[in-house]
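Annotated in TrEMBL:
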BINDING   23, 85, 124, 432  (6S)-5-formyl-5,6,7,8-tetrahydrofolate binding site
DOMAIN    217-361  domain 'TrmE-type G'
BINDING   227, 246, 248, 251  K(+) binding site
BINDING   227-232, 246-252, 271-274  GTP binding site
BINDING   231, 252  Mg(2+) binding site
Ligand SMILES: Nc1nc2c(ncn2[C@@H]2O[C@H](COP(=O)(O)OP(=O)(O)O)[C@@H](O)[C@H]2O)c(=O)[nH]1
Ligand SMILES: [Mg+2]
């Protein structure tokens, strides 16, 4: 496999769409395109221009579809290569034939992520940005979208670059002290710098949880006595009638799931059967299942009716918010630990949502979407920084270099030691 040969792939989802896009990129891509295109010659088109024409089978000349062709010229394309997109009608029948035609015309089917890999190799994106592309493609909720976009735009990379820079300067100083002690280079407050970098790394690591939530979503379980108002609360949170609500206790015998996006987090809300002692075997099974669902949930809403005698608390998992329902009715009990809400008037729903948000995201909310690889690299950087912090200045170098490597790996820069050397040299032109 060469790195520059023309590759092609269907870029839109497999199914039926008004339009579908087939991508082509690589050296000679426009040559390949010209063999399947009836219309203006793609080789003569300016980058960034669309043209209307027909896609044809290069062997038989059969017209496959009417399409728009969008041409990009290196380096001004996603991959940095000559590239183009065929915007055809979006059926599999069309897309498959267009792809086939491109292969006949000399392109190769792209491997997974190959376009973005080329973009990375050609310096269009760094590794963190490439991961952001993947996250954007896979985003299920608005939080993941927002955070991934921020990384794609380079804000995360810039932050990491700034941290790398500080460590490089520190390493340069330490090296200078070792090599030219007689020069009287001002000793840097190494520990303070390390402490500051460490703080930033830890602040980033604190976003690991919200990143995972944003990407994988979370399960929110509603449990409580029959008739407590669980199903009504679910409907109120959803904004539509999903669960059956009834004044007869024990209506929800099994459980039901509903997708619910809160604060951009894709949640699955699970409404369960009421928890109470019952002899009905079917209801009994439902109760047991409810308790199991609560244990497996990322967050539990324990729901109790404030207008009825106070129920005794079942064993609750640590991540539980207590909710007192029917706040519009005269209360029979009060408890500051419970958030009062009314599914009828909507009172307290905002406060409850805020509490859910805080339980999931903490107060900050999280700026970036960290991949598992990034979390791992940040952990490594953190450990090395902690190690360096506890060493005397002349022995910190190695741990600092390791920390730097871990940080640099976020952006995909593997070799940093050469750079350290260069920085030392650059920093140390004090007459030598
Ligand atoms: N006034 C009032 N009634 C409510 C409220 N929430 C639920 N209910 C009523 O309480 C009964 C039981 O509600 P439901 O949601 O089915 O409870 P579940 O068994 O816990 O799912 C129904 O008659 C609801 O209309 C509320 O906030 N205010
Ligand atoms: Mg119910």
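Along the chain as shown, the residues are counted starting at 1.
Even glycines carry a Cβ here, placed using N, Cα and C.
Features per TrEMBL, on structure.
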residue	record	DSSP class
23	(6S)-5-formyl-5,6,7,8-tetrahydrofolate binding site	strand
85	(6S)-5-formyl-5,6,7,8-tetrahydrofolate binding site	strand
124	(6S)-5-formyl-5,6,7,8-tetrahydrofolate binding site	coil
227	K(+) binding site	coil
273	GTP binding site	coil
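Proximity to ligand 2 at the level of Cβ atoms, with a cut-off under 6 angstroms, picks out 230, 231 from the binding-site residues 124, 230, 231. Summary for the binding-site residues 227, 231: the Cβ-based neighbour count within 10 Å is maximal at 231.
Here the C-alpha separation of residue 231 (Mg(2+) binding site) and residue 124 ((6S)-5-formyl-5,6,7,8-tetrahydrofolate binding site) works out to 50 Å.
Among the binding-site residues listed (23, 85, 124, 227, 230, 273), 227, 230 have a CB atom closer than 6 Å to some atom of ligand 1, in sequence order. Residue with the densest Cβ environment among the binding-site residues 23, 124, 230: 230, by other Cβ atoms within 10 Å. Residue pair residue 273 (GTP binding site) / residue 23 ((6S)-5-formyl-5,6,7,8-tetrahydrofolate binding site) shows a Cα separation of 50 Å. According to DSSP, the domain 'TrmE-type G' (217-361) comprises 38 helix, 37 strand, 70 coil.
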